[in-house]
């Protein structure tokens, strides 16, 4: 039986703030949270552990079906992710994992294999789904849709600050190039390209604090009745 619990989709490019905003909004609403990017990153980690060739789609599709991914939801603090029983949380956020996940996400069979896994997160009292095609492909019937964006420079700056605070040495220009390259891949892929849903509310988060964005998103829900 199909679960018709309400869904809020928050899509956008890498670094727009959707992950942090989605976790906080879900915690405040008391709803479940889906980090769809973590699923693709988890497959990327599994592929890396198995030393698979990223240019071998068949092997990556098999890896997708064989990989068991478990989430330990810590609310606003984020997620602990287990890949085939092993803690992969640290590796999930590496830039190399993100690049691998982006390449894997371009494979139609991988996206198809993960589609139902993502939809299974929809259950009462509601779901906040964070990703790149949540409002267009996974939950096109979602009652609430938001698309967060920001300039590539702004997003690179945020990531640079985040990594430096963690003691990870990184060059801003390298991050900017990686973000721009990923934007191009995500927008140009044949299957589920990155774009806002026609009925999504667009929010440019440039210059905005996280709490400002959270309040705006929560305010959108408060001001609307699910269709």
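Sequential numbering from 1, following the chain as shown.
Each residue, glycine too, has its Cβ placed from N, Cα and C.
Feature annotations, courtesy of Swiss-Prot:
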BINDING   12, 13, 14, 15, 16, 17, 18, 19, 20  ATP binding site
Given a 10 Å Cβ-Cβ cut-off, pick out the one of the binding-site residues 14, 20 that has the most other Cβ atoms nearby.
14
Close in space, distant in sequence - residue 16 (ATP binding site), Cβ under 8 Å, 6 or more apart
148, 149, 150, 155, 205
So for residue 12 (ATP binding site), how many other CB atoms are inside 10 Å of its CB?
27
For residue 18 (ATP binding site), what is the tally of other C-beta atoms lying within 10 angstroms of its C-beta?
29
If you take the centroid of the Cβ atoms of 12, 13, 14, 15, 16, 17, 18, 19, 20, the listed ATP site, which other residues of that chain have their Cβ within 8 Å of it?
21, 148, 150, 155, 205
